[in-house]
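Annotated in TrEMBL:
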type     : residues : note
REGION   : 1-34     : region 'Disordered'
COMPBIAS : 12-29    : compositional bias 'Basic and acidic residues'
TRANSMEM : 44-66    : transmembrane segment
TRANSMEM : 109-129  : transmembrane segment
TRANSMEM : 136-156  : transmembrane segment
TRANSMEM : 176-197  : transmembrane segment
TRANSMEM : 204-223  : transmembrane segment
TRANSMEM : 259-278  : transmembrane segment
TRANSMEM : 290-309  : transmembrane segment
TRANSMEM : 321-341  : transmembrane segment
TRANSMEM : 353-377  : transmembrane segment
TRANSMEM : 389-417  : transmembrane segment
TRANSMEM : 429-446  : transmembrane segment
Amino acid sequence: MEPLPLPVTTKQETKTNTKTKNNEEETKHARTTRKNSNKYRKMLLGLGFWIQGFRCYPWMAVVFFLKDGLRVDPSTMQILQNSANFPMVAKPVYGLVSDSFYVNGQHRVPYIAAGAFLQAISWFAIASLPSSTISFFTITIYLLLSNLGASIVEVANDAVVAECGKEPSNTSDLPSFAWVAGSIGGVLGNLAGGISIERLSPRTMFLFFGILLTIQFLITVSVSEKSLDLPKSSSTHGIKKQLSELLSVLQKPEIYKPISWFAASYAIIPALGGTMFFYQTQHLKIESSVLGISKVFGQVAMLLWGFVYNRYLKSIPPRKLISSIQLTMAVLMASDALFVTGFYRTMGIPDSLYIVIISGVLEVSYFFKILPFSVLMAKLCPPGCEGSLMAFVMSTIALAFIVGGYLGVALASYVEVTDTDFSGLRKGLLIQAVCTVVPIFWSSFIPETPKVETEKKEE
């Protein structure tokens, strides 16, 4: 029996088979590259946002150090806390610089490392200050330096999230991942802070956080930006050009309207955080561990919020969702007004339980709006100015918080609240609640269904 003839392979078939094999290899290589880049992105951003969330740990020590060590009053404490945030207002400058100036071919990772380094220096300096030289002025200077470093890190991290948000597969995932990482850092920071504040000195807590920042710095400098596989930027290098592009973007109604609303929705609320802290510790004699647990509960709520938003709420129109959050904040503030009158105490609810649950949620509810708004701005942000635009957004929020903090000092003075007299606190909280409702009346500035800028350009 004769053997069957072998199939004849033509040159065209050979060429096609080779091309198919090459395409499969390229696809496999691209898939592997994408997997590795996602791993490095999440490692860098996860660490960065976790450390930023953990910043509440040394700041808890700062608050008690100011009250018990320097003997400041509620208004002075609130002025310092808000004034220390001024470096956050300059975020657009950091964004323009990171968008325009590359360091060894990198324009995100070097700025994250530099910000971590500045923070480490500031906390090490505070920890090593001799008792004879500690003053309100010196600690303010070092806290300003710490927030300068923190703002640089946040700008670079936000820019990476915005850049990666241009990829359809990561548009909602990466912002939520960053949110969760920051929330976990906040949970652990507040939990550790509540425990440490009764067992360790503030200096030891500052030193420990400085060590964490040093670890972040060392890990960050070991990461190459090429491994992140960031989308190619279409912007031309040069700060003038970048500034021109930013100003051009900010002239678009779909950009400046939601930003202006978002900033105003914070600035119009007079913050009474310092006054409430003194009311809880001085008047109600609430222990620091309870306040720590309250902050932990709030951070857990933020963590859950990240999961709930990503799974159930991201499809809700931004205007409806953000307005609902604003209204919820007002309701919780009105509840605080009932709390200071002893209403919940008459219902058998202990003050400590209310502070842990309701006060904990209210404190973080200010930040619930940031996640959906960040996703909204990532969609609206044109390619090439992610760093500068997201930095501008964050700076307006920082400035709004500062304005709200100063308004809170003025409101506390108006209702005549001091560190020993809290009779006017109920009135102040009701005014605060009313101010929180007001922005809802012009929520039309927030788009219902944003269009992605890259899609416009493709059309």
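Positions of Cβ are set from backbone N, Cα and C atoms, glycine also.
Segment contact holds for the transmembrane segment (109-129) and the transmembrane segment (204-223), given three or more CB pairs below 8 angstroms at sequence separation of 6 or more. Proximity of distant same-chain residues to the transmembrane segment (204-223), defined by a Cβ-Cβ separation under 8 Å and at least 6 residues beyond the stretch ends, is recorded for 40, 43-44, 47-48, 51, 54-55, 57-58, 60-61, 109, 112-113, 116-117, 119-120, 123-124, 126-127, 193, 196-197. The transmembrane segment (136-156) makes contact with the transmembrane segment (389-417), as judged by at least three Cβ pairs under 8 Å among residues 6 or more apart in sequence.
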